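Peer 1: Can you read through this structure? Questions will come right after.
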Amino acid sequence: MYASREDIGYDFGDDSKVGSKPIKPNPNIDGGWAWMIVLSSFLVHILIMGSQMALGILNMEWLEEFNQSRGLTAWVSSLSMGITLIVGPFIGLFISMCGCRKTAIIGGILNALGWILSAYASNVHYLFLTFGVTAGIGSGMVYLPAVVMVGQYFQKRRALAQGLSTTGTGFGAFLMTALLKYLCTEFGWRNAMFIQGAISLNLCVCGALMRPLSPKDVVSEKYVVRSNSEDNQAKALSHSAETIKSNGVLSEELEKKEEATNEEVLDSVQHTEIGGKSRSGRNMYGLRILKTVSQLTVTVRKGFAIWYSSYFGAASLFTNRVFVAFIIWALFAYSSFVIPFIHLPEIVKQYNLSSQNNIFPLTSIIAIVHIFGKVILGIISDLPCISTWNVFLMANFTLVTCILTLPLMQTYISLAVVCALIGFSSGYFSLMPVVTEDLVGTKHLANAYGIIICANGISALLGPPFAGWIYDITHKYDFSFYISGLLYMVGIIFLLIQPCIQNKQPREKSPEEAQV
């Protein structure tokens, strides 16, 4: 019914070249250092996404400390989660200019600074700035490179690699929930945040492991010989893919022209530097600074040109209709997963289930099963006879069903079963980079996935405060889950309708068919 990731194609270039140049594969592709990239991404998910999934512990501490409404206090967690994802498109610009490694290291420092400064908070509004904004931006600067690097290093086993790396979210939610609960009990929430800030400095180490591939290795992906199943283009997505491919050629020509101009600028600076050596040694230092500034300017201009063309140029990602439907889905999806993590501790307290929840927290059930869900769904999606798109949709249907039925469960056992299903079905997060790469290609993955996680960020930003606001009015969380579940269903319907519409569009005839 829907195209698998093998059917869609990976690049924006000319398909006639595919298979024409068999190139010796890089040993680091699908092996070697690629598994170090998976390890780095795994640790990033533990330290960033896992910590954010455990913020329900700190949320209860903030409610007692500052005596503010649940809706206002929930904005702290929502800002941190939301900004981490919302800044995705702008982090794509940093990646285009500086690369994944430098971006991740800077983000690790910024994230740790946000945690440490939050330990000195005097009110909730102070946490908005330090934890929500500062730590959130730092998290975004590490999270996007961690996902993009896995996509660059893997071709055959991308779904499995993404599944293994993103299981860090489940491990992190389980470990960080226990760690923050212990630290808050033993040292208080302020010291707990200070210690967590020190732990977050390990993100810089994760960034250092993100060794970039050489340009020839990235470019050579389009010349890799594909199997017969990869030669069949999906009818449902062919129209949008052809549009982006034709536009991508224009952007490559513009890049070549700009590179030629930039080389002329650098050559003139180098000739000036040689002349400066003969005149005076004192001028060499100034000329070297001028050369460095010129090179930096060239890098910034080139990175900005790539970033701008991806969003607003001739090769805009928004020309892909299925990708636009994917964005609309992302606007509604993430809040349905975030709301239970933030408000489950309060729900358990309302139902007088705290004693059972203390033995084995419901959030930990979600986190543990979430690990297996990502790995299993990744393995299933990599099977040659299985469509990644269909696996993705089935997981979404299961998750939205659980969100709508969760308010009906009022015993610990029933809540545990629903939470287990939520954890497993939310394993589709590991398929999101794969589906995105199938739609736009490896070259545009950073910018495209930045847009997707930005839409997810908006969902995460508004979801928990909305649930808290509904609770302040009704003193029940039921309506929060119902409304978020219905909005989530709207997003899934967009994913279902758009490929069907494109499949019904008349196919353009080939020159041979036109002659007949």
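Cβ coordinates are placed from backbone N, Cα and C, and glycine is handled just like the others.
These figures come from a predicted structure and were not determined experimentally.
Grabbed the feature section from TrEMBL, which reads as follows:
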| type | residues | note |
| --- | --- | --- |
| DOMAIN | 37-503 | domain 'Major facilitator superfamily (MFS) profile' |
| TRANSMEM | 33-55 | transmembrane segment |
| TRANSMEM | 75-96 | transmembrane segment |
| TRANSMEM | 103-121 | transmembrane segment |
| TRANSMEM | 127-148 | transmembrane segment |
| TRANSMEM | 160-180 | transmembrane segment |
| TRANSMEM | 192-210 | transmembrane segment |
| TRANSMEM | 322-344 | transmembrane segment |
| TRANSMEM | 359-377 | transmembrane segment |
| TRANSMEM | 389-406 | transmembrane segment |
| TRANSMEM | 412-435 | transmembrane segment |
| TRANSMEM | 447-467 | transmembrane segment |
| TRANSMEM | 479-497 | transmembrane segment |
Peer 1: I need to check the long-range neighbours of the transmembrane segment (412-435): which residues 6 or more away from its ends have a CB within less than 8 Å of a CB in the stretch?
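Peer 2: Cβ under 8 Å, 6 or more out: 5, 147, 150-151, 158-159, 162-163, 165-167, 169-170, 326, 337, 340, 344, 348, 353, 356-357, 360, 362-363, 365-370, 372-378, 381, 388-389, 391-392, 395-396, 398-399, 402-403, 405-406, 445, 449, 452.
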Peer 1: Under 8 Å between C-beta atoms and at least six residues away from its ends: which parts of the chain pack against the transmembrane segment (447-467)?
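Peer 2: Distal contacts: 71-72, 74-75, 77-79, 81-92, 96, 143-144, 147-148, 151, 306-307, 310-311, 317, 323, 326-328, 330-336, 338-339, 342-343, 432-433, 436-437, 439-440, 477, 480-481, 483-484.
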Peer 1: Return the average pLDDT for the domain 'Major facilitator superfamily (MFS) profile' (37-503) as a whole number.
Peer 2: 77
Peer 1: Can at least 3 Cβ pairs under 8 A be found between the transmembrane segment (127-148) and the transmembrane segment (359-377), with each pair 6 or more apart in sequence?
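Peer 2: No, the stretches stay apart by this measure.
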Peer 1: May I ask which of the stretches 75-96, 359-377, 479-497 has the most CB pairs under 8 A with the transmembrane segment (322-344)?
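Peer 2: So the stretch in question is 479-497.
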Peer 1: So if I exclude everything within five residues of the ends of the transmembrane segment (160-180), which remaining residues of that chain have a CB under 8 angstroms from its CBs? That is, six or more out.
Peer 2: 34, 38, 41-51, 53-54, 56-58, 146-147, 150-151, 153-154, 192, 196, 341, 361, 363-364, 366-371, 374-379, 382, 423, 427, 429-431, 433-434
Peer 1: With Cβ-Cβ distances below 8 Å as the criterion, list the same-chain residues six or more beyond the ends of the transmembrane segment (192-210) that contact it, or say none.
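Peer 2: Distal contacts: 36-37, 39-41, 43-44, 47-48, 51, 58, 100-105, 107-109, 111-116, 118-119, 131, 138, 142, 145-146, 149, 179-180, 183-184.
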